[in-house]
Amino acid sequence: MGHKQEKKLHPYLCNVDATLIEIFGYKTQGCRKAMCIAGYIFSCGALLLLFYWKPAWDVWANCIPCNLQEADVILLRTTDEFQKYTRKKVTWIDLSKLNLSVRDTSDSLFIADKDSVINRAIMKPELKVRSIQVQKIWYIWDLSMKQFQKVGSLDDSNSCYDIHDKFGTGLTREEQNIRRLVCGPNAIEVEIRPIWKLLFKEILNPFYVFQTFTLTLWLSQGYVEYSVAIIILSVISIGLTVYDLRQQSVKLHDLVEEHNKVQVTACTKDEGEQCPLESHYLVPGDILVLEGKKHSLPCDAILIDGGCIVDEGMLTGESIPVTKTPLPHMENTKSWKTHSAEDYRRHVLFCGTEVIQTKPTGKGPVRAVVLQTGFNTAKGDLVRSILYPKPMNFKLYRDAFKFIIILTLIGVLGLIYTVCVYVQHKKPVAETVAMALLLFTVSVPPAIPAALTTGIVYAQKRLKNKKIFCISPQRINICGQINLVCFDKTGTLTEDGLDLWGLIPSEGSRFQNVYSFASGTPLPWGLPCGAMASCHSLIVLDEKIQGDPLDRKMFECTCWEKGEEGDETDLKEGTEEEQLSNLTSYLPDFPQAPVDGIAILHQFPFSSGLQRMSVITQQLGKDQYDLYMKGAPEMVTSFCRPETVPTDFVKELKVYTTQGFRVIALAHRALNMGKDVELDNLEREEVESDLTFLGLLIMENRLKAETKPVLEELSTARIRSVMITGDNLQTAVTVAKNSGMISKTSKVILIEASEPEGPTPASITWQLMEDSKQMAAGITDTCVNIEERTIPERESNNYHFALNGKSYQIIVKHFKSLLPKILVNGTVFARMSPGQKSSLIEEFQKLNSHGQGDELCSNILSCSYTGVFQALKMAHAGISLSEQEASVASPFTSQVPNIECVPELIREGRAALVASFAVFKYLTLYGLTQFIGTALLYWIFGNYQYLMQDVVITLLVCLTMSLTQAYPKLAPYRPPGQLISPPLLLSVILHTGITAIMLVCGFLLVKQQPWYSEMANHRNGTANATDIPSSVLSYEDTTLWPLTTINCIILAFVFSKGKPFRKPIYTNCKYSCINMCFPVYILIMLFVTFCVSFFVEDVVLQNRHLWLLIKKCCQFRSRSQYRKWQRKLEKDPTWPPLKRKDFAENSKNEIYINPIYEHDEEN
């Protein structure tokens, strides 16, 4: 009904995380609402419950479609595969209560910024604004654009000049009040959800509603004991879930509450003075004055005057001081973000980060313009990702729902069967209805949700014992299906720290002899020494040098010392004594040096997008200014004069990168600037040119001891490993080879793509990467010999692709059709920005999204950089090796900072997944066994016999079956991931058939005995359970009870498989004792049934070789895109291409997808 009318009117609402949401307008209609209320009453609330589960149906029933301008109810629909609907009420913001000054014309502005959406949203003369709130973000109705626009942040279209001119003096009181009312308070408010709300939401789960109906029916029939046992178990299960949710809510509330009420100093335009203010009242556009003391930032702000040093550990996962510089006051029309390109973050102070030092200038105190408030901030986005996580599209849960529907349909057949039989025997209507509903509920065991929950709880407890913590328990089962792990390099595969190996200075366009730092002698003075001593972002805090590990190691090797940072000293205009407190100088006990010290006047901080940093310095006692640069060698040399770069630069660089060294290039330029130049307004493009190349700094980044064994274990288990790093490509490939990610005998094909230039279209080249030893000897165009050996499936083609972020972006833009082919064998992705990392993981997921769920991608990364956070969210399961605040958004966090947690997580995931399947199969067979027995007798056993079978056997078996621990060795294949699959369906069908044959034979056989006689209550009809005498009801009951009981025990053993995913069953002592406590002679009686069941399950259904043979005979082929491309490429004699250059046919027809998320960055 709703879809046909919606399709004409559905614009998109762009959510904060850049996802599109379809938005539909509806208007409430009185008569429809009255009819729905009547339906609620007559259905005893069933219709209201249905609308709670289906909010779209609620809107379609109560409202009529209309355009968004007239709508009082908004229906939102996600554009992903889930198509989830959300209902939102349109609210009105009344500005008239602010007593605003009268505006004579309709064109008058309430907000000084004429481009602000608030001006276009105020209805005149009513002074009202229409708004909706979506995932904690407020949107207001733009009367001009006819769409909802986000508020709570400054417009990105503002230029650098606009930021200074419009907001440099602050906002008026009236404008502050308007923004405060429209944008809401500057607070990340996470409600500690009341227990009754959590309980109410959990109980209204569809399965628990069905369980309530079932137990109510059973209690009405006198089946009290088992019903009470199920109720107790369900209450415990719901209680544990509610407790866990409550604890997470309290933890998240405590995490953000301290930043909601911070005392700050702000400026207003009309008063023109600084005044203390509670951060709760800040609005976008306010001027924030940053004082010298340490404090946490309550909002996102753009630095406009002065500099400061902040600790961004909350965002990046690393507590490394980061230098922030003011936004230049430039007169241009470019957006301030576009003007700063990928380096815009160096001007932004993010909410939740800590200001540890301020650097005022001669203009006055350090000031910043509030950019974003509340949930629009960086910390707000982090909290939102926890409150509204990415939906999980795991096939197990979808299949479980389908399977329950199938069981429900079987129950409906039983209901029809019962009605027919009872009507034929002319039974009373009340008894017919009761018994029909009873048989209907028997087929769906009410213990399923509790039993499945216990398996995940046990796995979570085992992970906790291994110091792996989980905030999303449902993802544990997903980890059992992982077959692709994406690793970061630095801090994850390699040690976080670096050792300085040597310096290769360059002079006269020639490399000089290598200077080794192993000798311990100080580096002699020269321009390379000046670069190492000054081109860094180190600070002295609490008498300790703090900063990036690379910078610290580089500075320590100079044997210089860092002076204390002055708080209020203008470095350029201060006296020599003042400058000495802000410089890097020689140690006092060293001989006379040519320079007394170096003052760092200005910094252009490092950016992962720019791959470099620069500083402007001045030697004490001299008027000369110098610029030093360090960064990626390829990037630094592009700014150097060609005649200063050695001719063998590329060859020399490869010698060290192919050995796994990290290489940093150094460069210098003497600046001719007057004393009056404003350094803060200098653009780095103005001074970063015509540099002199100084040499290469060689740093060693060692592999962690645990890396190689873990990667070998994953390789043996046929779990593919991929490296995604921001480091040099050659270094990354060498680390991949040394760690075993790429075998020594495998080919590595380097992919380089180029943008179109004039009439030449975009191109892509494929080049075999040479062996490092041969290359060092000057041999080119070599091929690595491939030896015959047994290799994992992932190396079946024995070649790997390696490319950098630039080439990846060009391929996505111009060679989209080649991307799947490359990803099939792509192993090393270097120089990747944080946004490109997230995009790559998404492309891996797309590659496998068309399969049968057998090709899942997961991301295991160290939360060391800003971009890692987004990559963790993008993957099916992410594990952080950091304990910083940013890691709370990761589904898993390991306190052990190495990748040993990866196989542990996969092992526990596989064990939990197998346990879930076993419990589900067992309960399904138990329900069908009860169904068959009830269909035969309508009341099989006495009440206490039911209690013994259900409570002593079924419940205890389900609660202890998942206690079996994970098998210590990873198998080379994964457990099944689908419930609706031939092996499982055949397992259920065949075991059901075996059980049915056994019960029917027992039922008929007992009637053939000469001593058999019918009992009185059977001749007179089925009695209520409360009227059952303590004596034997009938020979049929007495015969079938031990058969079904022992059959349950047999199935429990059969389904509790050990190796290869779990330890043997005898290691689970509690489970074994429960199943062995029954009479042994009954087991002997049913030994044949056990053998048949075991043979069917273990020899036939679980026989991997048999199924592979069946697939081969039936010519079955996986529909996964991954396998399709793999088969196609194996048959393609021209692939992989070598020594050729391909050109795009028509680059203009390609769809451009920008993979870079500009709010991410990696250091």
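Placement of Cβ uses the backbone N, Cα and C atoms for every residue, glycine included.
Now, the feature entries from TrEMBL:
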DOMAIN    20-142  domain 'P5B-type ATPase N-terminal'
TRANSMEM  34-53  transmembrane segment
DOMAIN    167-213  domain 'Cation-transporting P-type ATPase N-terminal'
TRANSMEM  226-245  transmembrane segment
DOMAIN    268-386  domain 'P-type ATPase A'
TRANSMEM  400-424  transmembrane segment
TRANSMEM  436-459  transmembrane segment
TRANSMEM  919-940  transmembrane segment
TRANSMEM  946-963  transmembrane segment
TRANSMEM  984-1006  transmembrane segment
TRANSMEM  1039-1055  transmembrane segment
TRANSMEM  1076-1096  transmembrane segment
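Broken down with DSSP, the domain 'P5B-type ATPase N-terminal' (20-142) shows 37 helix, 42 strand, 44 coil.
The stretch from 400-424, 436-459, 1039-1055 with the most CB pairs below 8 A to the transmembrane segment (919-940) is 436-459. Only residues 6 or more beyond the boundaries of the transmembrane segment (400-424), in the same chain, are considered here, and those with a CB under 8 A from a CB of the stretch are 207, 431-432, 435-437, 439-444, 448, 452, 920, 924, 927-928, 931, 934-935, 938, 979-980. Per-residue confidence over the domain 'P-type ATPase A' (268-386) averages 80 (mean pLDDT, predicted model).
Residues in the domain 'Cation-transporting P-type ATPase N-terminal' (167-213) partition by DSSP class (helix H, G, I; strand E, B; coil) as 29 helix, 1 strand, 17 coil.
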